[in-house]
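K.L.:
One structure follows; several queries about it will come next.
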Amino acid sequence: MEFTAIDYGIFALLLVLSSAIGLFYALSGDRQRTVQEFLLANRDMSCLPVALSLLASFQSAVAILGVPAEIFRFGTEYWFLGCSYFLGLLIPAHIFIPVFYRLRITSTYEYFELRFNKTVRVFGTVTFIFQMVIYMGVVLYAPALALNAVTGFDLWSAVLTIGLVCTLYTTLGGLKAVIWTDVFQTLVMLAGQVAVIVVGAWRVGGMARVWRVAEQEGKIAGIDLDPNPLERHTFWSLAVGGVFMMLSLYGVNQAQVQRYLSARSEREAKLSCYAVFPCQQIVLCLSCLTGLVMFVYDREHPLAPSQRPASPDQLVLFFVMDVLRDLPGLPGLFVACLFSGALSTISSAFNSLATVTMEDLVRPHFPGLSESRATLVSKLLALGYGLLCLGMAYVSSMLGPVLQAAISIFGMVGGPLLGLFCLGMFFPCANPTGAIVGLLAGLAMAFWIGIGSFLNSPGGAQRVPTANSTALPTVGNLSTVLATTLPPPTSVPPSPTGLQRFYSLSYMWYSAHNSTTVIMVGVLVSLLTGPTPAAALDPRTISPVVPWLLCCLPPKIRQWLCCGGADPAQAPSHPDTTEKSNRVPNGLSPPVPDQPGEEEGQGYIRSDGAPICAVQETSF
């Protein structure tokens, strides 16, 4: 199972072409001379490259390894996660994107200052940075480790090469280079997975036989409607809990929102959401079919016990190197596919971290920073985070079993951040105190359940994970983790009792549980400390859905739904967003409606900043 010269050549070609795209955008066209060019691709991207870039961030190297291993071990039940994709993309397109796009923000967390105050903005930014810094090293180190174990490919050579190449094109080419390399890497990922499925199915007699054997062996799962939230995977946990996990990624995550904001118009941003949906379904199907082909191939060509991998995450690579061993170049194509996932994910992290650090932590303290200096600082931040990623990869190698806890911590952060955005957009009564206390409560609940679940088993951190434990996460659900790191336990664990049942909550419900905690605590604290007064509420920070619904209700009910806070249908106009953000321009020009009257018809904000109502108020 050694690489040939052709395999190394294909892998090297991936790195060269990725670097070339970054150099191209650094030396031609928009040369990343302004913050808008570097961080927002000059806001002139069309929907298709934006959609493929969104997909590339979704499909990480960890997902390419983890999802087929999940199907190999537990069957196709995970496939029902695709049911969550529709609402997981429809809601961001019509609720979150209009708010972010029309506020003309660069960092997602600018929203918190516009809705609450600077303190909430800093809390949100620091939480996001903590989340992504942990993940960067893991997503780089994990596939390199698996590759090293299977092929003998030098571990740290792979880590350094991928990290430096990714840092190079992200720092030089900005978001435009990140998006176009994502497009290229998406095609490589799809080609690699299709090659493996086609060759593997051919070797075992065709895809029809693969499906038939998998069905006979009980790997084709039916619909499990068990509502028990302690069950690891059911239709409800995957289809409903998955919606919250999708929202934490596609609704409020800076890496994805930044791509929406790079689109030419709000309409293009929405279309990119729609375009991602079929692409995600294709990617999920390819991953699941890979797992089924692996299962049937393993039954007919089993490895000797001494050759079997210690970790299911290595199953895919063992399968690929065995099934493609007589076809020079295809193993290299799959490795290029694997590291394309790592490159796309890490470059997204670099760019988004540079953006939030620049806009939320640097510019507010240096309002007089010139455009050229701000662009230089942004590039240095991207470079700095790239080097930090390499350091985190080294730390990940030293963590041992604690690595699972570190990845779980990453997954716990997405839900509370989603809850904080929903608190601001859907509850006009929420005030800054409620927002901060709600976020801290959500994080505390997330850490309590996550760490408690990790430790509350025989052996603690040294234990073999149970079926409900957490392991390597898929980037498609940046607020969740897949239990695909180690084999299942040989003995059936006793049924949980008391507090253990609380720790046994399915990881698929983590985002829903933690975001709900933030909202409930935030609203309660806001009511106790005094709801947000009407004069302090910027109506543009409330979701367009809220005024449209409230305008159809009697005034008393509308006031009750606002919890005593400002009525979005009657709130006064507020100063321009740019002025409220410390008078620091964010590099964006005012959004231009796609069609005459679009802003008034859909955005509930007139050109003078005052809210409008879809339905005239009537007396009841």
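Cβ atoms are placed via backbone N, Cα and C, with glycine included.
What TrEMBL says about a protein is an automatic prediction, not a curated fact.
Pasting the relevant annotations from TrEMBL:
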type: TRANSMEM; residues: 6-27; note: transmembrane segment
type: TRANSMEM; residues: 47-67; note: transmembrane segment
type: TRANSMEM; residues: 79-101; note: transmembrane segment
type: TRANSMEM; residues: 122-143; note: transmembrane segment
type: TRANSMEM; residues: 155-175; note: transmembrane segment
type: TRANSMEM; residues: 187-205; note: transmembrane segment
type: TRANSMEM; residues: 234-252; note: transmembrane segment
type: TRANSMEM; residues: 273-297; note: transmembrane segment
type: TRANSMEM; residues: 333-356; note: transmembrane segment
type: TRANSMEM; residues: 376-396; note: transmembrane segment
type: TRANSMEM; residues: 402-427; note: transmembrane segment
type: TRANSMEM; residues: 434-455; note: transmembrane segment
type: REGION; residues: 568-610; note: region 'Disordered'
K.L.:
Does the chain bring the transmembrane segment (273-297) near the transmembrane segment (434-455), so that three or more CB pairs sit under 8 Å (pairs 6 or more apart in sequence)?
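P.N.:
They do not touch: fewer than three Cβ pairs between the two stretches lie under 8 Å.
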K.L.:
Taking 3+ C-beta pairs under 8 angstroms (sequence gap of 6 or more) as contact, is the transmembrane segment (6-27) in contact with the transmembrane segment (333-356)?
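P.N.:
With 3 or more qualifying Cβ pairs, these stretches touch.
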K.L.:
Flag the pair the transmembrane segment (187-205) / the transmembrane segment (333-356) as in contact if three or more Cβ pairs fall under 8 Å (sequence separation 6 or more).
P.N.:
yes
K.L.:
Mind checking which residues reach the transmembrane segment (47-67)? Cβ under 8 Å, same chain, six or more beyond either end.
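P.N.:
Same-chain contacts beyond the flanks: 78, 138-139, 142-143, 146, 178-180, 182-183, 185-186, 189, 193, 249-250, 255-256, 259-260, 262-263, 268-269, 271-273, 275-276, 279-280, 283-284, 287-288, 290-291, 313-314, 316-317, 337-342, 344-345, 348, 471-476, 482, 484.
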K.L.:
Between the stretches 155-175, 333-356, 376-396, which wins on the count of C-beta pairs under 8 angstroms to the transmembrane segment (122-143)?
P.N.:
376-396
